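Peer 1: There's a structure below that I have some questions on.
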Amino acid sequence: MDIDFKDYQLRCELRGHEDDVRGICVCGDGNIATSSRDRTVRLWTPSASDKRKYEAAKVLLGHKSFVGPLAWISPSGELPEGGIVSGGMDTLVMVWDLRTGEARTLKGHQMQVTGITLDGDDIVSASVDCTLIRWRNGQPTEHWEAHKAPVQAVIRFPSGELVTGSSDKTLKLWRGKTCTQTFVGHTDTVRGLAVMPDLGILSASHDGSIRLWAVSGECLMEMVDHTSIVYSVDSHASGLIVSGSEDGFAKIWKDGVCVQSIEHPGCVWDAKFLEDGEIVTACSDGAIRIWTNQQDRMADSAELELFDSGLSSYKRSRKRVGGLKLEELPGLEALQVPGTTDGQTKVIREGDNGVAYAWISSELKWDKIGEVVDGPEDSMKHPVLDGVQYDYVFDVDIGDGEPIRKLPYNRSDNPYDTADKWLLKENLPLSYRQQIVEFILANSGQSDFNLDSSFRDPYTGSSAYVPGAPSQLAAKQARPTFRHIPKKGMLVFDVAQFDGILKKINEFNNALLSNQEKKNLSLTDIEIARLGAIVKILKDTSHYHSSKFADADIDLMLKLLESWPCEMMFPVIDIFRMVILHPDGAAGLLRHLEGKEDVLMESIKRVTGNPSVPANFLTSIRAVTNLFRNSAYYNWLQKHRSEILDAFSSCSSSPNKNLQLSYSTLLLNYAVLLIEKKDEEGQSQVLSATLEMLDGLVKRIALDFDVENIAKAARTSKEAKIAEVGADIELLIKHS
């Protein structure tokens, strides 16, 4: 069966459950069965009077706690109208006769039943107790430990094998009680499974991804677009895939690309295809919804308006801005009241968003700062940013297509110190300082904050400005001064604006698609999705020790380095720069380069041979600098030292201080490497020349950055000089 994709719209809502709807079972007779936290299983049949509707047919009561997985039993002599198998939190498996509404109870699991599938006349159940049980005629015939962690799902593959997904992050393929294949790749619990006809197995995970696996264990595709746990996945004969997630969306996928996202007023626990391609979703708001792409089955305008209204109301009730409920924020009328101090900040409700405004006394108006996308909820654990826990991490959208900026803050910190460092880090004007301080104080509930008079501003050397405080004697603003510990070892560039990088790649790719002569260089939708998956791995720094790149990921990066037009390479090189810092990325790249033409050196020559694109210089020199993180590249770096330094030599005299700084960091890393090889013939002389060039360059950059106390320490040895210059460069990197 093959269908062209058309957007799905609401067909109807089924209401009757009194709590979250947890599971869906599509029955072979056109009916739908659903399970719920309200302890019931309900059967729904198509309405005889309205072809768009379904009607409640049966309510099956018997479980003692919430009900989860369901399976359909086709009609037989024993069950003339068919049956439903259900599993519950109460550890029970129940087999329901749909003609009588009576059930047979199967007891054997010690904990919650999480998965049900049929294998011929047998029932196979999975449980949090880590086991599978095979039931025949109501009796357990096989019972075995399938994983060392809770089993979350089980399905039967068409060839007869069973497939399980577990909290141990793996899938397993079973022939009888023998595991014949383990699928490794997810970085968190495998929650849902489905068969993809003629291709393999689909898995949904707490890591936010859906993967397609060949039976051999090879991951054929990763689909990433959800922003939270993915609970369920299903496929259709047309090739479409649907997934349901904690993020409140059911997403529809075609050829590995998300083609539609359907928002719900709550978590989407389950999503299933009907035989004709329509979709059923189970939501935490207690409703089942059917979605159709057939015009004559779509809900009427009144029903659609009612759904949209409910969705908007739900979002408003849930949304928080800086720890405050959106619905509690003042409206635009609050901007009619003048501010009391220059830089005073207000957060205003505009539609479904919170927007920050600052008062400009000289113009007597409120100036829009940007949209406040999110803030911490009182009930949440302390948020973590870059591995550090904070009391607050505000997500702020400053608009103009810029990526969302994260503003971390602890209540024990001085807000002026926090504001100064954040503005410098994000390369925003320091004139926003007071606005940011006001914003921090307002959204952290510190309206009674009193500045310690002994506080000295780390960037100006003077006391911070306090709103409403008496004027102080004017003081000349000091240039920044720092004390630092000598730096040992290599330096790298490990910060990236991933959202902006992907946006630029998409922009360039669209340009290639519209150019008939270069269209063949463009990326496919699957390749774009793969780049998104690469970035997802790179963002998740807490799992660098365990996350892996597929061979296809490395192949794609090398393909782009070799084939994309020179003027479009810098965002690709920027991703490559970060892949190098990932242990598996660096190792995978090294494997792919063995026995092949030197793609890296050729790419360097290509980008430096075209000086009209400064961004290529900056990203490529930083990428080479990052290679020093991994000692496996030392021989390559030594072999090509002269070529690399010559290729980037123009950076030393560039008016761009960031280019100068990047070149200095490259020289520093080479100096550290040369120290290790100083006993080799000729290395000492090269080291001396490198250090002399490096020292002068760092002093010049320090003047450009207006930073004192740089490169002035007495250095009695080359090692000491490297340590001091390393500290200087590390400081300048932070200050740039």
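Yeah, the Cβs are placed from backbone N, Cα and C, and that goes for glycine too.
No curator has checked TrEMBL annotations; they are predicted automatically.
Feature table excerpt (TrEMBL):
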type: REPEAT; residues: 14-44; note: repeat 'WD'
type: REPEAT; residues: 84-106; note: repeat 'WD'
type: REPEAT; residues: 144-174; note: repeat 'WD'
type: REPEAT; residues: 183-213; note: repeat 'WD'
type: REPEAT; residues: 223-254; note: repeat 'WD'
type: DOMAIN; residues: 358-454; note: domain 'PFU'
type: DOMAIN; residues: 483-736; note: domain 'PUL'
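Help me picture where these features are in the structure shown.
Peer 2: Only residues 6 or more beyond the boundaries of the repeat 'WD' (14-44), in the same chain, are considered here, and those with a CB under 8 A from a CB of the stretch are 54-61, 63-72, 74-75, 82, 84, 86, 88, 96, 98, 266-267, 269-275, 280-290.
A Cβ distance under 8 Å defines the sequence-distant neighbours of the repeat 'WD' (84-106), meaning residues of its chain 6+ beyond its ends; these are 23, 25, 27, 33, 35, 39, 41, 43, 58, 60, 62-73, 112-116, 118, 123, 125, 127, 133, 135, 138, 140.
Same-chain neighbours of the repeat 'WD' (144-174): 69, 111, 114-119, 124-132, 180-184, 186-195, 197, 201, 203, 205, 213, 215, 217, counting only residues six or more beyond its ends whose CB sits under 8 Å from a CB of the stretch.
Residues 115, 152-155, 157-158, 163-167, 169-173, 219-224, 226-235, 237, 241, 243, 245, 253, 256, 533, 536, 540, 543, 546-548 of the same chain lie 6 or more positions beyond the ends of the repeat 'WD' (183-213) yet place their CB under 8 Å from a CB of it.
Residues 1-3, 5, 8, 191-197, 202-206, 208-212, 260-273, 277, 279, 281-282, 291, 529, 532-533, 536 of the same chain sit 6 or more residues outside the repeat 'WD' (223-254) yet have a Cβ under 8 Å from a Cβ within it.
When averaged over the domain 'PFU' (358-454), pLDDT in the model lands at 67.
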